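Marked as active site by TrEMBL: D531. According to TrEMBL, the N-acyl-D-mannosamine binding site annotation covers R491, T503, D531, E580, H583, E602. Among the features that TrEMBL reports, Zn(2+) binding site is placed at H583, C593, C595, C600. Among the features that TrEMBL reports, domain 'UDP-N-acetylglucosamine 2-epimerase' is placed at 50-388.
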Amino acid sequence: MQRSRDRMERKNMDEQNQCQRKLRVCVATCNRADYSKLAPIMCGIKSHPDEFELEVVVLGSHLIDDYGNTFRMIEQDDFDISSKLHTIVRGEDEAAMVESVGLALVKLPDVLQRLRPDILVVHGDRFDALALATAAALMNIRILHLEGGEVSGTIDDSIRHAISKLAHYHACCTRTAEQHLIAMCEDHSRILLAGCPSYDKLLSTSRREDYMDVIKSWLGDNVQDHDYIVALQHPVTTDIQHSIKIYGLMLDALISFNKKTLILFPNIDAGSKEMVRVMRKKGIEQHPNFRAVKHIPFEQFIQLVCHAGCMIGNSSCGVREAGAFGTPVINLGSRQTGRETGENVLHVRDADSQNKIYHALELQFGKRYPCSKIYGDGNAVPRILKFLRTIDLDEPLQKTFCFPPVKESISQDIDHILETQTALAVDLGGTNLRVAIVCQRGRILKKYVQPNPKTFQARMKLLLKLCADATRDAVGLNCRLLGVGVSTGGRVNPQEGVVLHSTKLIQEWSSVDLRTPISDALHLPVWVDNDGNCAALAEKKFGQGKGVENFVTVITGTGIGGGIIHQNELVHGSTFCAAELGHIVVSLDGPECSCGSRGCVEAFASGMALQREAKRLHDEEQLKVEGMDMKLAEPITAAHLISAAKLGNSRAEAVLNKASTALGMGIVNILHMMNPSMVILSGILASYYQAPVQNIILEKALVSAQNIKVVESHLEEPALLGAASMVLDYATRRIY
């Protein structure tokens, strides 16, 4: 009991220590722009010393004299700077940007090791911020990224998204940005829709009473409210020369527009040196209408933007903060392409002439627009502080991504590569049950044949046994079975894998679910279809219909069936009874058909119909002719009728002519309805019917259909190959 009490006391002490431990937050700022977003957060953290410990790291252009040595304003805001890192390699070109990232990566590890922050706060899309995020991620420091998920159309996009992938937590500004982060597979539970922190300050201080003093201090005593322009243009690093050209055109338009203009120097990106050279070549710094400055404190800059007659350039401030005041903005070029903007922004994406920019100034200058709060409502900092309090430092540091479900990939294993992809094909015939392993090229690797039992239970038991045997043997044959295809007589619902009504040859075989028991037993996908449809699929993949977009297959066997391929797809019909080709009626007073009707093609031309007529002639002793070898004990079949006709038996010839005519007329009806480009005859009687049917088409079909060819199938096992083709074609497509 004493040991138990000691453990409880230690546990309570650990919990108290954990509760008392401050969250060490390091805020890193690289330039004047990101400081305007980070300063409100830094103030919020500093105002809660019992919960947070603030460390400030300053790097980038903050420490460069040409850009105003803006680190001083951080000190003036009464923040203790923990470390200053000179990371900028001068040159203002692409190589200098890369070297600056490298220099920052060299210097940051010592600083981060010394400060040991629990979390690093990084803003935006600058190359300096990329160096910060990279260093922190590699040093197992948690990262909170501000303003991720936004789109701006330049290299900044790539940098911003790269930082988002490195970051563990996100505080974004808009609902669209949040959705972008989710689409980028970021964990929704680690995304905060906070709004822009700069709005917390600008919405509370934008309407200062002394705003005219601020305006006059920067632009002179003669300037009035809404009667001046703020210009801020940065280089586009992916198209530096074009952005320099736009900058020159903007300056020319501003000179011609003849209004007082406060112009800020561009940032430190590649191309800025050339832009400053253009500005000085045009004498902007000496021009009486211009005031060129390197830096303006954020609170004063807010006043100047709020009360300007217009803002022009490509700064994010124009499409973001200016909207909160309704200040008219002219956005030039591609740097902010894709940003969400209010109605106050006029885009001049193709700023290819001074005249176009001048007209934009005429349209926008002096207007006022409704205030827009797309990027914030002034309460971002409280949300971010609350979010920081919820961070559990004991949860795993390893970042996880929320990927959407994808298809299982095929492993590149040598055994898999060497395996032959095959299908298990089942032909459920009236006499025999046949199962085969069929490869992609249509070759039957192994076949199993058994008499089909009469009862339902015995039939299913044998079917599952043969399938199990084939599955086991497939391993020895180095075959990978993709699925099972079943060909059966009657009407089939292929979507459910159910035999709705079977033929009279297979009794007790109606409303039978074949898919479920086979799939459950073999753990493979199963496709089921009518044997006529399967024959058409076999021709499409392996036979005469290969590469043919529209054709009809007619099976001439014990019965008459078939399948229709239209625009490369099998036609099933609304109730799955399309292509019942044997039951096309060609005579109103013809013989009775197995379907109950009279005069169907099947009643004239099927193997059973011919066998019936052969028996009739035999009973009348009118079948046998001289030269015909026929034993008394053997059963009479259609083959005897054909043999008799070939030897000159006129009665047999008359029966076969009537059968050929009936089949031919049925096919003519198909041609007039479906207009296929080919008819393929399959089955044991195909070779006999091919020529007569072609002649009937020439005699009876419309002129437009008379040239359609009737060809004989060369496939020996159309039912099995059709069953296999369902698997081989649809196992990956999944839309059968």
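The backbone N, Cα and C atoms fix where each Cβ goes, and this holds for glycine too.
Computed from a predicted structure; not experimentally measured.
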Near-site residues: Zn(2+), ref H583, C593, C595, C600, CB cutoff 8 A to centroid: G582, V585, S594, G596, S597, V601, E602, A603
Residue among recorded positions D531, C593, C595, C600 with Cα closest to the Cα of H583 (N-acyl-D-mannosamine binding site): C600
Greatest C-beta neighbour count within 10 angstroms, which of the binding-site residues C593, C595: C593
Between D531 (active site) and C595 (Zn(2+) binding site), the C-alpha gap once rounded to whole angstrom: 17
Under 8 Å by Cβ from C600 (Zn(2+) binding site), counting only residues of that chain that are 6 or more apart: G582, H583, I584, V585, V586, G590, C593
C-alpha spacing of E602 (N-acyl-D-mannosamine binding site) relative to C595 (Zn(2+) binding site), in angstrom: 9
Sparsest-packed of the listed recorded positions (D531, E580, E602) - C-beta count within 10 angstroms: E580
Per-residue pLDDT averaged over the domain 'UDP-N-acetylglucosamine 2-epimerase' (50-388), given as an integer: 91
